[in-house]
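Asker: Before anything else, here's the structure in question.
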Amino acid sequence: MKVDLGPDPSLVYRPDVDPEMAKSKGSFRNYTSGPLLDRVFTTYKLMHTHQTVDFVMRKRIQFGSFSYKKMTVMEAVDMLDDLVDESDPDVDFPNSFHAFQTAEGIRKAHPDKDWFHLVGLLHDLGKILALWGEPQWAVVGDTFPVGCRPQASVVFCDSTFQDNPDLQDPRYSTELGMYQPHCGLENVLMSWGHDEYLYQMMKFNKFSLPSEAFYMVRFHSFYPWHTGGDYRQLCSQQDLDMLPWVQEFNKFDLYTKCPDLPEVKSLRPYYQGLIDKYCPGILSW
C-alpha cells in the first residue's frame, strides 16, 4: 500500500521565490487551483501549531535511540517505493525514483564527487517515518528553528502560527528566542521531520561523509535560510561557508523530478558501491 505523505509547498507558495521562476515551475507542479491549496495550508497550519520546543525534544527522544529497525541503506531506499510524496501531484511516482533522479543529476554535474552522488540518494530516507505512523506535518515540508520567532520567509508565516504556544512564551517569542547571536546552526533546535531524523541517524551510525553532506541532509528543507535569506542572526561563519553547498544541492532536489523514470536496476550497483564505501552494513534506524 502506498503512503501519501501529503502536500509540501511548491515554489509558488514560497514568498522568497522569484515570480518568473515560480511561474515556470508552477506550470509543471500545479498547486494553483482546486483543493490542493487548502490541503497544503492545513498541513502547515498543523505543523506551525504543534512544532514546539517540547514537541521536538520529545520526538528526538522517541526516535533518538534508533531502535525501530535494523536494515541497510539500500533496504531503506527500497522502502521509499511505498511513499508517494504529494508535493509533486503532477508526477505520481514513488519517492525512491526521486532519490535516484536527484543522485543522477548530481552525478552528471559533479562526476568527481562520489559522496555528493550518495547524498542525492540518501537525502529523503527520513521519510520512512511516515511508515512508522508519523503524521505528514511531522515528516515533510519546509523546516524552521523552534525556540524563536518565525521569520518572514517561513511559508504561510503570517497565518499559521497563531495557536503555537511557544509564541506566547517570552523565552521563545523574540527574534533570537532561546539562542545567542551567531550561536551556529549546530546549536539550533530545528523543527522535527525527515531532515532532522536522517541527520541524527547519520551521526548515530557514523557515516564517513564530509561535513558538507551532513549540512545538505539536515538543511535541504530549511528554505527560509538557504533561499529566503532569514535566520542569519543564528549563523556561525561555518554555516555561511556551507550555505553554497546546500544551495547547490537544492537545485538537484527540486529540478531533477520528471516523468522519465530512471532505470534503477542498472544504477543500483554503482550506488551500492558508494554505500559500501561511506555507510556499509546493517544500520540502526
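Cβ coordinates come from backbone N, Cα and C, glycine included.
Feature table excerpt (Swiss-Prot):
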type	residues	note
BINDING	ARG29, ASP85, GLU86, SER87, LYS127, GLY141, ASP142, HIS220, SER221	substrate binding site
MOD_RES	SER33	phosphoserine
BINDING	HIS98, HIS123, ASP124, ASP253	Fe cation 1 binding site
BINDING	ASP124, HIS194, HIS220	Fe cation 2 binding site
Asker: In Å, rounded, how far does the Cα of ASP253 (Fe cation 1 binding site) sit from the Cα of HIS220 (Fe cation 2 binding site)?
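Answerer: Counting only the Cα atoms, the answer is 8 Å.
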Asker: Among the binding-site residues listed here (ASP142, HIS194, HIS220, SER221), which has the Cα closest to the Cα of ASP124 (Fe cation 1 binding site)?
Answerer: HIS194
Asker: Across all the protein chains here, work out how many other Cβ atoms are within 10 Å of the Cβ of ASP124 (Fe cation 1 binding site).
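Answerer: Other Cβ atoms within 10 Å of ASP124 (Fe cation 1 binding site): 26.
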Asker: What does DSSP assign SER221 (substrate binding site), in three states?
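Answerer: Reduced to three states, the DSSP call for SER221 (substrate binding site) is coil.
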Asker: Using a 10 Å cut-off on Cβ-Cβ distances across all protein chains shown, tell me which of the binding-site residues (ASP142, ASP253) has the largest neighbour count.
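Answerer: That would be ASP142, with the highest Cβ count within 10 Å.
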Asker: In three-state terms from DSSP, label ASP253 (Fe cation 1 binding site) for me.
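Answerer: Where ASP253 (Fe cation 1 binding site) sits, the three-state DSSP reduction gives helix.
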